[in-house]
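The next block holds one structure in the form of structure tokens; read it before the comments.
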Amino acid sequence: MINYLYQEQNWQSQLSDLITDPLELLETLQLSPDQLLSGAILASEQFKLRVPRAFVEKMIIGDALDPLLLQVLPHHLELNDHPEFITDPLGEEQANQQPGVLHKYKSRFLLTLTGACAVHCRYCFRRHFPYQENLPKNEDWINIRNYIESQPEVNEVILSGGDPLTLSNRKLKLWLERLESVPQIKFLRIHSRVPIVIPNRVDEELVSLLKNSRLRIILVVHSNHAAELDDFTCAKLATLVQNQITVLNQSVLLNGVNNSAQVLVDLSYRLFEASVMPYYLHVLDKVKGAQHFDLASNEIDEIYKEVLASLPGYLVPKLVREIAGEKNKTPLFGVSTF
Ligand code: SF4
């Protein structure tokens, strides 16, 4: 839309040149500053606006209701209190075994190597997570290794948010080699929104690193709307698949963004064009500040039934909710089940 400069610019410079000022974002999109109702700036101070220019270029100029914009623009309703919306809806602080290690599920655990994300999604369930107290230092590797070896059922490590693909290839390589050195680890899953918001993150070095690992690599990207997947982004995702990396997508069902069966159907087809398989459609986690993205269970039920009726089974993402303390995500098949 604006121009395609970002296709030429390396990902590191894009990551160091994010839009962090809500007024600049509105000006770029030729929207009035009045879009920011009183309170939105305070909301932005509590959870800073961060958005790459490459992602902004996918938004429609002059559209205050653009579904990509709504995911990142601070909203005054974030300041409202609601008893069901809390700072740690998934009880992750209790699952935190040691710095960087979140062990919630039997065969796999989460390793958070950074608290940084390229984009701040306003609905993020980790928006209040105390990353700085939980990041592993170099010398913690030995404890992490000991922890893995004390859990013989663990065969998979998940690098998750903060976003692991904000790390340099050098640092990723270091952690990849560490994990490869533990024989019981067979799979490495990387959860990242960076290939969607800065597609140039998929550079040759990263592809080569992942392709040549002894671990089976599964990259789970996070896209909520087909408008996030322009041809350039799709080509980058397809490159990963062509290099034997499994690429899946997870989405969050969000009021105002993708609460329509047609939007979700279009997203699944667009992902498939990019060789990416739809994986999960998450019901919103009830995190403080994200109340305005929530949907009534009967609306969710109606949307999902229509998605089921419209798509071939292999393109239907599983509708799930994460419940604190449960040993797996809870599948939701109808209004009576949630
Ligand atoms: S990229 Fe992921 S971890 Fe980061 S803010 Fe968005 S949803 Fe949260």
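Cβ from N, Cα, C; glycine included.
In TrEMBL, annotation is done automatically, which means it is predicted and not curated.
Per TrEMBL, these features apply:
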- CYS117, CYS121, CYS124: [4Fe-4S] cluster binding site (BINDING)
- 103-326: domain 'Radical SAM core' (DOMAIN)
- LYS329: N6-(pyridoxal phosphate)lysine (MOD_RES)
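Taking the features listed in TrEMBL, we show where each one sits on the structure.
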residue : record                         : Cβ within 10 Å
CYS117  : [4Fe-4S] cluster binding site  : 22
CYS121  : [4Fe-4S] cluster binding site  : 23
CYS124  : [4Fe-4S] cluster binding site  : 20
LYS329  : N6-(pyridoxal phosphate)lysine : 16
Coarse DSSP state, helix versus strand versus coil, of CYS117 ([4Fe-4S] cluster binding site): coil
Confidence summary for the domain 'Radical SAM core' (103-326), mean pLDDT rounded: 95
Any further residue of that chain within 8 Å (Cβ to the Cβ centroid of CYS117, CYS121, CYS124) of the recorded [4Fe-4S] cluster site: VAL119, HIS120, ARG122, TYR123, ARG126, ARG127, GLY161, ASP163, ARG193
Inter-residue Cα distance where the pair is CYS117 ([4Fe-4S] cluster binding site) and the residue listed as 'N6-(pyridoxal phosphate)lysine', in Å: 23
Those recorded positions in CYS117, CYS121, CYS124, LYS329 whose CB falls under 6 A of ligand 1, listed in sequence order: CYS117, CYS121, CYS124
